[in-house]
Amino acid sequence: MQRIILHIDMNSYFASVEQQANPFLRGKPIGITGKDQIRSVVATASIEAKKLGVKTAMSTWEAKKICPSLILWPGDPEKYSDIMHRFNAIYREFTPHIEPFSVDESFLDITEEAEDYFGATYIAQMIRSRLKEELGDHITASIGIAPNKLMAKLACETVKPSGLTVVQSDDVIDLLNRCNLTDLCGIGPRIHARLNTLGIKTFQELRAFPLEDLQREFKSYGLWLHEASHGRDLSQGVTSDIQDIKSYGHSYTLPQNTTDPVILKRYLFGLADKVGWRMRRDGVVARRVTAHVRFGNFTNHSEQRTFNEPTADGKNLFEVAWSILRPHLKSDVRLVGLSASLLCQNPSQPSLFKKERNMQSVLCALDTLQHRYGSGVWKRASTLPIEFKPRSSGFHFDHEV
Ligand SMILES: [Mg+2]
């Protein structure tokens, strides 16, 4: 059966997320960098920066030389990962057949949902408007629709930024003929150079080249190249990423060992809010919380408790985790953490109790803000004095147990 595949690619992803979060950056050339801006490269250039000649992977000093008005902005991987979960959740409203390809690209198989290319275009437009509604005006996507992943991705490349295109089976040869060999995902500089040595510079020439000779030169990849030149994709279809997450957890190694309950409470509360947010974002609630502490001498203690009512509210998670840990905080603490498990889908029913209902609507409003501006857009007053610094060890966000 002929498939209908969507390839959705966010435009200048990291830069757009920052522009969405910070109005000061909108309409300006910005380059997202690593922490050390002087020795870093541009991970993503905004659309405005690209127009002025800044390219991805360019060193920051070179980018500044080309575009002196370029604003270098340190990247925030946690924010990008949050938004990635958010847009993949939007795609799941339309089909369960989703394969994330990179942090800002996904393939969707919408054959059953769309029925034909007219339906596919409609779904693509609906996805666009849901993205705008949930993520804001500044995070935009390009969408390619085609009979397989390879052609959908190539089609998407041709309409960047912010385009939408449909390439049906009869049109794939036309599409290939309009493209350069290196536009195709799978033909990198080394394969390209070897093809050039064989006198192959276009898809027409690749198509005309005998398969046996291609296989002699490229072994099994020769068949892939031959098929690709005809717009056929030898890879398997969209492999759904149904994740079977068992728990959501965060732990943090404190800047200094301490026994001060005020400091420990702040960190634990901050971590509980992170866990609660990720659960609400994924539409689940938990019936169990496990609290974890590591002492200065590297001994550990962890204990769990089960809720009567499942929850995804950071405050509930914190209160139980704190009641577990409190009696054990007699010597210096090095690390605190908690995880939520026994997950089930959030029934989204309003609580019977007024106080709970009010809290649910506050959380709902705060989540809308986080969806739009990224996690970290709000903090509880009690956790204001602390900051979670991402570290290569000791800090695990999106840590799944
Ligand atoms: Mg992109």
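Backbone N, Cα and C atoms are what each Cβ position is placed from, and that goes for glycine too.
Nobody curates TrEMBL annotations by hand; they come from automatic prediction.
The annotation active site is assigned in TrEMBL to Glu105. The Mg(2+) binding site annotation in TrEMBL covers Asp9, Asp104. Sequence annotations record features per position, and here TrEMBL assigns domain 'UmuC' to 5-188. Per TrEMBL, site 'Substrate discrimination' is recorded for Phe14.
The Cβ of Phe14 (site 'Substrate discrimination') has 27 neighbouring Cβ atoms from other residues within 10 Å, across all protein chains displayed. Looking at the domain 'UmuC' (5-188) alone, the prediction's average pLDDT is 92. Across the structure, Asp104 (Mg(2+) binding site) and Phe14 (site 'Substrate discrimination') are spaced 9 Å apart at their Cα atoms. Reduced to three states, the DSSP call for Asp104 (Mg(2+) binding site) is coil. Taking Cβ-Cβ distances under 8 Å and a sequence gap of 6 or more within the same chain, the neighbours of the residue listed as 'active site' are His7, Ile8, Asp9, Met10, Lys153.
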